[in-house]
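Here's what TrEMBL has on this protein:
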DOMAIN    1-129  domain 'Nudix hydrolase'
BINDING   R23, H28, E34, F35, P36, G37, N119  8-oxo-dGTP binding site
BINDING   G37, E57  Mg(2+) binding site
Amino acid sequence: MKKLQIAVGIIRNADNAIFITRRAADAHMANKWEFPGGKIEAGETPEQALIRELQEEVGIAAEQPSLYETLEYAFPDRHITLWFYLVEAWQGEPWGKEGQPGEWIASSALDAAAFPPANEPVVARLIADARAR
């Protein structure tokens, strides 16, 4: 079984909105919404991978990301470990550099069903955090 390590950025602005992108129609979990990020390469820490991936995918330089949650998830063909980081400070304006649609959405308006199943616990936590604010 394939094992993947993924660094994920929850980019949250001062208005408590989160930047999300839509997966490509030909990708695994096609057309689902996701938090930007990608595979951790050999020799990288999860935080280093996150900073690199956010620059490559959405054109921002993340500053002081903080670990929000780590999850493991098993698909029939792969096992993934997801390192979710909260990014509340960055340089640049996020956009879909790889052609993927992106948008800001209020944390309280997130819908776990619109994300891959591996992301659902984090989406639920973000919604609960937004309601507690």
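Cβ coordinates come from backbone N, Cα and C, glycine included.
Note that TrEMBL annotation is computational and uncurated.
The model shown is predicted, which means the values in this text are computed figures rather than measured ones.
Projection of TrEMBL feature records onto the structure.
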residue: R23; record: 8-oxo-dGTP binding site; DSSP class: coil
residue: H28; record: 8-oxo-dGTP binding site; DSSP class: coil
residue: E34; record: 8-oxo-dGTP binding site; DSSP class: strand
residue: E57; record: Mg(2+) binding site; DSSP class: helix
residue: N119; record: 8-oxo-dGTP binding site; DSSP class: helix
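The number of other CB atoms found within 10 A of the CB of F35 (8-oxo-dGTP binding site), across every protein chain shown, is 23.
Whole-number maximum of the Cα to Cα distances across the 8-oxo-dGTP-binding residues R23, H28, E34, F35, P36, G37, N119: 14 angstrom. Mean per-residue pLDDT, taken over the domain 'Nudix hydrolase' (1-129), amounts to 95.
Take the mean position of the Cβ atoms of R23, H28, E34, F35, P36, G37, N119, the recorded 8-oxo-dGTP site; other residues of that chain with a Cβ within 8 Å of it are V8, T21, M29, K32, W33, F115, P116. The most densely surrounded of the binding-site residues P36, G37, judged by C-beta neighbours within 10 angstroms, is P36. In the structure as shown, the Cβ atom of E57 (Mg(2+) binding site) sits within 10 Å of 20 other Cβ atoms.
Within 10 Å of the C-beta atom of H28 (8-oxo-dGTP binding site) sit 11 other C-beta atoms, taking all shown protein chains into account.
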